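**Student:** Quick one: this structure, given as structure tokens, is what I'll be asking you about.
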């Protein structure tokens with residue numbers, strides 16, 4: 001459900017053909033996390049749930065990122081591509097090489113596990129920039145409530161799963177995830193009214209523009225004939241003659 005939570009956001013992006021003020025960082029970090037957890041799961045036993053969920057997560061996040069790149073402006077598009085190459089390609093290749101060739105046995109699993117913990121913390125911390133934007137603009141327009149809610153619920157469930165499996169690497173980052181999720185929902189509750197007021201103002205302006213256009217369309221259209229043009233030209237010539245006479249009199 002966490003991976004499907006941004007669907008309304010990307011439906012909005014698709015409809016408007018623009019990413020507006022949405023950012024790609026949460027989806028890039030989430031994809032990076034899913035790939036690392038798959039690598040971690042390949043070194044562990046009896047972690048079918050970890051494999052299936054993160055495989056689905058990889059597929060969904062790739063679709064989100066592709067959509068973002070398609071509809072983003074030039075600067076946002078290139079920034080997203082650069083971050084993807086640096087983080088999801090370069091960083092993963094470095095981690096894979098170090099853990100696969102320099103470390104062995106249980107040490108490899110332990111080191112990779114704590115790397116996954118660090119990246120999972122980044123997944124939960126990624127919305128911090130959006131939270132800062134919410135506080136600055138006093139608007140929750142670009143912080144979807146669904147994502148915050150499902151991140152919080154996911155953190156609770158993954159913490160329970162980690163505790164059940166006695167895997168501290170799974171349990172620990174979800175404590176921070178739960179805390180940040182709560183903070184996001186509190187911010188949403190505080191600034192939601194401001195967002196509702198802005199939406200109402202937009203709808204009111206849209207309705208006003210519609211009424212104005214209707215009035216203009218229904219107003220009678222005045223057509224000027226060739227005779228009217230002649231009369232207007234004659235009147236203008238008379239006015240010019242009168243003005244010239246006044247100028248001569250004033251000069252005398």
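Cβ atoms here come from the backbone N, Cα and C positions, even for glycine.
A quick note: this is a predicted structure, and the numbers were derived from the prediction, not measured.
Annotated compositional bias 'Basic and acidic residues' per TrEMBL: 237-252, in sequence order. Here TrEMBL flags 229-252 as region 'Disordered'. Sequence annotations record features per position, and here TrEMBL assigns transmembrane segment to 21-41, 47-71, 83-105, 111-130, 142-164, 170-191.
Help me picture these features in the structure, burial and contacts included.
**Tutor:** Residues 50, 117, 120-121, 123-125, 127-128, 131, 134-135, 138-140, 143, 145, 148-149, 151-152, 154-156, 158-159, 161-163 of the same chain, all 6+ positions outside the transmembrane segment (170-191), place their C-beta atoms under 8 angstroms from a C-beta of that stretch.
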**Student:** At a C-beta cut-off of under 8 Å, are there same-chain residues at least 6 beyond the transmembrane segment (47-71) that contact it? List them, or none.
**Tutor:** 3-4, 6, 10, 13-14, 17-19, 22, 24, 27-28, 30-31, 34-35, 37-38, 40-41, 77, 80-81, 84, 161, 165, 170
**Student:** Using a Cβ-Cβ cut-off of under 8 Å, list the residues of the same chain that are 6+ residues beyond the ends of the transmembrane segment (21-41) and lie near it.
**Tutor:** 3, 6, 9, 13, 47, 50-51, 54-55, 57-58, 61-62, 64-65, 68-69, 72, 76, 79-80, 83-84, 87-88, 91-92, 95-96, 109, 112-113, 115-116, 119-120, 122-123, 126-127, 129-130, 133, 141-142, 147, 169
